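Pulled from Swiss-Prot:
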ACT_SITE  Cys84  active site, nucleophile
ACT_SITE  Cys176  active site, cysteine persulfide intermediate
BINDING   Leu13, Gly108  ATP binding site
DISULFID  Cys84-Cys176  disulfide bond
SITE      His109  site 'Interaction with tRNA'
SITE      Gln310  site 'Interaction with tRNA'
Amino acid sequence: MKKKGYAVTAYHLKTVPDSLYLTKQIKHKVCCSPSDTFDAKKVAQKFGVELKIIHVENVFRETIIKYFINEYKRGRTPNPCFFCNDWIKFGVLLERIIQDGNDYVASGHYALLRDGKLYKAKNKEKDQSYFLASIKREKLGYLVFPNGEYNKDEIRNIAKDLNIHIHSKEDSQDLCFIPDNNIYGFLKENGVGFKEGLIIDTKGNILGTHKGLSNYTIGQRKIGIAVRERMYVLRKDFEKNLLVVGKKGEVFNNKFTVSKLNFLQDVYKKIEGYVKVRKKFKEVKCRVYVDNDNLYVETREPIFAITPGQIAVIYDEDGAVIVSGVIEKEGWNGFESFN
C-alpha cells in the first residue's frame, strides 16, 4: 500500500488477554498472541508506520466467545471465525479505523473485490471468501485485499525480498481463545454440560455410551464404540440425550435450510449457483429458493455431514459470493417445491 502512495497506519487487534497464553500451552500457531503483537511492532517500525493496538477483549468475550459457548449448549457446531470477521475485524475495528479518518482498510485476507462484489482469491487453496462472506455489503467499499491476486508462496517471497522477519512464519490454525486446542476443557470451564447417555443406531439398537452430546459433531467418526462397520454421527437428540449413529452413506443429504442471511448481491426468489458448507469442502452445484428470511437449498449431489451451526456460502458461476447464512437443519421441513 505504501508503494501505491497511500498514507498507511497499522492496526493490531488484541482479542484475548495476554495472560491466557501464559496459563495455556499453545499447541499450534494462533492469531492475536503476544508474539503476533511483537511481530506487528517490529514490522511497523521497519517501514516507519504508526501502529495502533486496539483492545477488544471485552466485546470479543461478549460476542464471539458467548456465541461459541451458547451454540455448543444448543448442540450445534459454531464457526466463530466467520462471525469474528463481521462483528470484530470488519465491525468494531473497521468503525474505529474510519473514525480515525482513514479512507480504506487493507487486510491480508485472500479474496478479491471487483465492482462491489466479493470474489474467491486467485489462490483457491488459500481463498478466504468463505469466512469473509459475513461482511455486510455496505462495508465492501471500504475494503482492500491486496493478497487476493497472489498465492501464499508469492507473498512469502515478497516478504523475504523485503527482509521482513515473518516471511516464513507458520499459518494460524487454532482458535485464538483456546490456544491449547482443548475445546472440551474450555466448554466444561464455561458451563457446557457433558451428561452421559446412550449411543444408538437408526434402528434403535444400543451400541454404547456417549460422553455428552456437546462432545460430538455431525459426521464424526471417532465415537468410542467397538463395531464391525465404521459408524458416523448422524444426529443428536437432546430431549432424550441420545447420540444417533449410522453408516457413512446415511450422513449424506442434498437438502438443507439456512437462516441469518447476509446478501452480497441482489437476489430474487430463485438462485442457481454453487454452495460451500465447510472451508475445506468443494463447492457443489445447487439451486436455492429464498422465502421468509430462509434459504432452502437443494444440491445436485449429496453433501457429507450437513451440520447445524456451520456456514453455507452460495457463489455464482464467476466465483462471487451471492449470499451466506447459518445452516439450521437438514431438509426443508414444510417447504417442498420450487414450483
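Cβ coordinates come from backbone N, Cα and C, glycine included.
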Among Leu13, Cys84 [recorded positions], residue with fewest other Cβ within 10 Å: Leu13
Same-chain residues at least 6 apart in sequence whose Cβ lies under 8 Å from His109 (site 'Interaction with tRNA'): Gln128, Phe131, Leu132, Phe145, Asn147, Gly148
Secondary structure of Leu13 (ATP binding site) (DSSP, helix/strand/coil): strand
Spatial separation of Gly108 (ATP binding site) from Cys84 (active site, nucleophile) - C-alpha basis, Å: 15
CB within-chain contacts under 8 A for Gly108 (ATP binding site), separation at least 6: Pro146, Asn147
Residue pair Gln310 (site 'Interaction with tRNA'), the residue listed as 'active site, cysteine persulfide intermediate' - Cα distance, angstrom, rounded: 19
Other CB atoms, at most 10 A from the CB of the residue listed as 'active site, cysteine persulfide intermediate': 22
Other CB atoms, at most 10 A from the CB of Gln310 (site 'Interaction with tRNA'): 21
